[in-house]
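The next block holds one structure in the form of structure tokens; read it before the comments.
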Amino acid sequence: PINYAHPRRQHAAPPSPPPTAPPAQPGQPAQPVAGDATGWSMDERLYNQIWGMFEDLARAVAAYRSAVDFAESRMDQELDRALSDPRNRIGGAGDRAREAARAKRDELTSRAR
């Protein structure tokens with residue numbers, strides 16, 4: 001058999017096993033363990049776990065900002081539709097349309113939270 005190993009290269013130690021969580025009580029999900037992400041060392045596992053948390057937070061913030069932008073554009077469309085007729089701009093009808101559009105925007109924004 002041919003040995004393909006480099007003569008001066010040291011063999012890397014196999015990764016240490018990931019930490020294990022204590023057994024969960026019946027009917028409850030298992031508790032997460034710090035450093036249970038993939039990686040060769042504990043430092044790399046913790047880094048990967050924190051990086052994953054950062055990515056999750058970035059996705060959540062992007063989704064919230066998208067929902068707020070949608071609520072704003074929806075309010076603009078409703079105001080344009082309601083106030084396109086000049087007769088509706090003056091008086092109580094215009095004010096009611098503005099209040100309804102703002103209330104809907106606020107409701108959509110609060111649902112996004």
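Just so it is clear, glycine is given a Cβ too, placed from its N, Cα and C backbone atoms.
Listed in TrEMBL:
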COMPBIAS  1-11  compositional bias 'Basic residues'
COMPBIAS  14-26  compositional bias 'Pro residues'
COMPBIAS  27-37  compositional bias 'Low complexity'
COMPBIAS  74-88  compositional bias 'Basic and acidic residues'
COMPBIAS  95-113  compositional bias 'Basic and acidic residues'
REGION    1-39  region 'Disordered'
REGION    74-113  region 'Disordered'
Secondary structure composition of the compositional bias 'Basic and acidic residues' (74-88) [DSSP: H/G/I, E/B, coil]: 12 helix, 0 strand, 3 coil
Tally of DSSP helical, extended and coil residues in the compositional bias 'Basic and acidic residues' (95-113): 18 helix, 0 strand, 1 coil
DSSP residue counts for the compositional bias 'Basic residues' (1-11), split into helix, strand and coil: 0 helix, 0 strand, 11 coil
